[in-house]
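**Student:** Residues annotated as 4-amino-2-methyl-5-(diphosphooxymethyl)pyrimidine binding site in Swiss-Prot, with sequence analysis given as evidence: Gln44, Leu45, Arg46, Leu47, Lys48, Asn80, Thr119, Lys149. Swiss-Prot lists Asp81, Asp100 with the feature Mg(2+) binding site.
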Amino acid sequence: MTDTAQPRPRTRLYLITPPQIGDVSAFRKSLEETLSAGDVASLQLRLKGQDGMIDMQATQEVGAAVTAMAQEAGVAVLINDAAELSRQLGADGVHLGWDDMPVKTARALLGPDAIIGATAKNSYHRAMQAGEDGADYVAFGAFYPTTTKEGTIPAELELLEVWQSAMILPCVAIGGITVSNAAPLVTAGADFLAVSSGVWNHEDGPAAAVRAFNALFESLA
């Protein structure tokens, strides 16, 4: 019998903005250079205030500056936690956190073509429910300690392995991911790696980080 199973597409990079951006113009220039350095599937705007809550004003300002540019580069733009703002900015969709609006509510607001992702932390059940409700992907993590988000819950590689073996819905790995620790997540089955500081704080700069991640993905494909 011939094995007709198709190989899994190689892992792709899911870029997340820094939590605070001081100079929007400078960030736009840096982002443009970063996106031109290699394949980036999506960009999530996740801007937080000092209280840890989403900074709507900053998200609006940054979104207005970079959404069209990123989309022209073939990168899907997602807004963290704010479906209505995503619609206003003309973004491609929204990422919903653990305590955010239900997937079905976001779908009703944004329509059938929007990309809607949902945080599942370390819960297989929560991920399955999000898929049943119409999410386009689920995000598991944190797989490593992270400085960009407080109150994270550890997730194990086995979660990615089990999900990939049983489900079609894409999964994203998140939490403290760098070029040096990413390989086990790719091997375990992550379709996307969501990275923030591992790109923006890379010792050789964000563009070099994008090149390094893509080289890693190719080597493990």
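Backbone N, Cα and C atoms are what each Cβ position is placed from, and that goes for glycine too.
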**Student:** So if I measure Cβ to Cβ from Asn80 (4-amino-2-methyl-5-(diphosphooxymethyl)pyrimidine binding site) and keep only same-chain residues at least 6 apart in sequence, which ones fall under 8 Å?
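**Tutor:** Once residues fewer than 6 apart are set aside, Asn80 (4-amino-2-methyl-5-(diphosphooxymethyl)pyrimidine binding site) is near Gln44, Leu45, Arg46, Leu47, Ile54, Thr59, Val94, His95, Gly97.
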**Student:** Going by a 10 angstroms cut-off between Cβ atoms, which of the binding-site residues Asp81, Asp100 has the sparsest surroundings?
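**Tutor:** With the binding-site residues Asp81, Asp100, fewest surrounding Cβ atoms within 10 Å: Asp100.
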**Student:** Can you check which residues sit near Thr119 (4-amino-2-methyl-5-(diphosphooxymethyl)pyrimidine binding site), meaning Cβ under 8 Å from its Cβ, same chain, 6 or more apart in sequence, and list them in order?
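**Tutor:** Looking at Cβ-Cβ distances below 8 Å from Thr119 (4-amino-2-methyl-5-(diphosphooxymethyl)pyrimidine binding site), excluding near sequence neighbours, one finds His95, Leu96, Gly97, Trp98, Asp100, Val138, Ala139.
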**Student:** Round to a whole number and give the Cα-to-Cα distance in Å for the pair Asp81 (Mg(2+) binding site) and Lys48 (4-amino-2-methyl-5-(diphosphooxymethyl)pyrimidine binding site).
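**Tutor:** Here the two Cα atoms lie 11 Å apart.
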**Student:** For the binding-site residues listed here (Leu45, Leu47), which one has the lowest count of neighbouring CB atoms within 10 Å of its own CB?
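**Tutor:** Candidates: the binding-site residues Leu45, Leu47. Fewest Cβ atoms within 10 Å: Leu47.
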**Student:** Enumerate same-chain residues with a sequence separation of six or more from Lys48 (4-amino-2-methyl-5-(diphosphooxymethyl)pyrimidine binding site) and a Cβ-Cβ distance below 8 A; give 'none' if the list is empty.
**Tutor:** Pro19, Gln20, Ile54, Asp55
